[in-house]
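Visitor: Pulled these features from Swiss-Prot for this protein:
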type	residues	note
BINDING	94, 96, 100, 139	Fe(2+) binding site
BINDING	94, 96, 100, 139	Ni(2+) binding site
């Protein structure tokens, strides 16, 4: 069941080295549309996180996309072993050989992805947001100032979460992503920064 609430928020980040958990809006803020995210291969749904175990919409998505394995991870200082090391590794810019699929069941955090000009776009994921980052997409994750997220991780087949830290421009999966999503002649959405 689609949940009615404000849509996913995303914006271009400033270059500040301040706490990674801050929003890092540019001044003035420069928001990014869902269409721009889709042009980068980022897919998004808003689902009923309170009823995720019986949600028919989630079942349809899982069936259609072949997500046959799930687990739930809680990221917060009290629940995640080696918390500081994990947060640091999540925030290292990296790619995966497969999609990264996360469904926020509670809490919130940020996924950052690169645009075609290598600028960071920050995506604020909140309760009910399900997001898919395509294989080969440079990205990173951090908690926001609430320091808490509970997320369902979804996989096709065996659960594999192997990050390949940047630079990976010669990796075949990265090349495939660039060819599919970042070739200027293939972009049908204006990716220019808008005020």
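Yeah, the Cβs are placed from backbone N, Cα and C, and that goes for glycine too.
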Visitor: Other residues near the Ni(2+) site, CB within 8 A of the CB centroid of 94, 96, 100, 139?
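Guide: Not counting the recorded site residues, we get 95, 133, 137, 138, 140, 163.
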Visitor: So what sits near residue 94 (Fe(2+) binding site) in its own chain, CB-to-CB under 8 Å and at least six residues off in sequence?
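Guide: Long-range Cβ contacts: 138, 139, 140, 163, 164, 165, 166, 168.
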Visitor: What does DSSP assign residue 100 (Fe(2+) binding site), in three states?
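Guide: SS state of residue 100 (Fe(2+) binding site) = strand.
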Visitor: Do you know which of the binding-site residues 96, 100, 139 has the most other C-beta atoms within 10 angstroms of its C-beta?
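Guide: The largest 10 Å Cβ neighbour count belongs to 139.
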